[in-house]
Amino acid sequence: MAKLDFDRSKEHVNIGTIGHVDHGKTTLTAAIATVLAKKGLSEAKSYDAIDNAPEEKARGITINTSHIEYNTEKRHYAHVDCPGHADYIKNMITGAAQMDGSILVVAATDGAMPQTKEHVLLAKQVGVPKMVVFLNKCDMIKPEDAEMIDLVEMEVRELLTKYGFDGDNTPFVRGSALQALQGKPEYEENILELMNAVDTWIETPVKDFEKPFLMAVEDVFTISGRGTVATGRVERGRLSLNEEVEIVGLKPTKKTVVTGIEMFRKNLKEAQAGDNAGLLLRGVERSAIERGQVLAKPGSIVPHAEFEAAIYALTKEEGGRHTPFFVNYKPQFYFRTTDVTGGLEFEKGREFVQPGENVNLKVKLIAPIAVEEGTKFSIREGGRTVGYGSVTKILK
């Protein structure tokens with residue numbers, strides 16, 4: 001485990017880049033780290049260092065979610081670079097779930113594309129409160145075509161408003177991530193302008209410190225001689241070293257003790273809401289815990305398989321189904337970090353749900369997971385999101 005202590009003197013905010021494939025999300029992430037490094041606030045990162053999974057290179061599309069950290073004068077940021085390709089939206093959902101705000105990257109040469117819309121919708125669905133927009137590749141627009149950038153901005157503002165964001169007041173910054181990464185001063189200035197907008201527009205999240213501890217498990221690995229480590233984002237509460245937690249969902253609930261806490265390879269005495277932490281668990285076999293479970297304060301949350309929910313079925317244009325679904329439909333329900341198959345029961349008199357409809361229905365999962373009223377989820381089939389919802393009432 002790590003040896004350094006983690007600095008809590010600055011506000012900590014989780015953000016990430018979202019947007020259409022090849023619009024420049026990873027280049028922008030590298031540019032932010034590199035420009036801030038010149039001010040001594042970050043470590044410079046190359047594009048390749050962020051775009052780091054081997055399978056990404058083969059296809060030239062980002063698959064895994066990369067985590068980097070940097071500072072502005074005001075804050076410490078943990079930044080996730082989210083995958084852009086539709087096939088990898090499942091990863092995007094786990095990535096977007098870790099955002100207190102996001103930077104939407106839109107190429108001025110293209111404007112809003114299908115995945116731009118899908119990511120804005122997903123951001124809303126997973127509870128990202130605000131975003132800042134970076135209009136990228138502005139260096140590729142000829143001066144005489146400058147009004148094209150204005151049109152793209154108008155279009156994206158309308159899109160934000162449509163999906164429930166503040167389209168009128170959201171800050172837009174124009175620039176070129178590639179030129180900034182290559183050290184062109186006027187484009188580096190745009191990156192500082194962008195980070196200033198992020199510092200001011202994206203609010204420091206109200207940390208849920210007072211609520212009982214809960215962390216969704218994203219990944220599990222073994223440290224030889226030490227034991228099993230579960231990683232994820234602390235959704236709420238605080239956890240001190242040597243405190244008890246329960247492993248909840250999918251399997252029978254099990255108690256354990258947390259004997260180590262780390263964040264960005266630095267040791268912590270406690271983990272708190274908003275942290276991306278690794279927890280060392282006493283006496284837990286690697287096979288006894290899996291992605292999709294949660295670690296929670298004992299007794300604070302119990303697993304459920306049946307609940308009522310309000311759902312929205314995406315339209316064909318939003319990437320949803322082209323046809324209605326009927327009562328025998330058995331999609332996957334994506335909660336926090338995992339898919340669980342479930343069946344549906346419609347309200348009396350309803351025979352099907354059309355794309356674009358908002359309905360209330362009952363869900364029965366094949367395995368119980370940690371849910372409560374207000375828990376958000378998405379409905380997926382064959383690797384694509386076809387709807388989303390919120391738990392309105394626990395049944396059993």
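Cβ from N, Cα, C; glycine included.
Per Swiss-Prot, the stretch carrying the note region 'G2' among 60-64, 155-159, 275-279, 285-289 is 60-64. One residue stands out among the binding-site residues Asp22, Thr26 for having the most other Cβ atoms within 10 Å of its Cβ: Thr26. Taking the Cα atom of each, Gly19 (GTP binding site) and Thr26 (Mg(2+) binding site) are about 10 angstrom apart. Least crowded of the binding-site residues (Gly19, Lys25, Cys138), judged by neighbouring Cβ atoms within 10 Å of its own Cβ: Cys138. Secondary structure of the region 'G4' (136-139) per DSSP (helix as H, G, I; strand as E, B; remaining residues coil): 2 helix, 1 strand, 1 coil. Per-residue confidence over the region 'G1' (19-26) averages 89 (mean pLDDT, predicted model).
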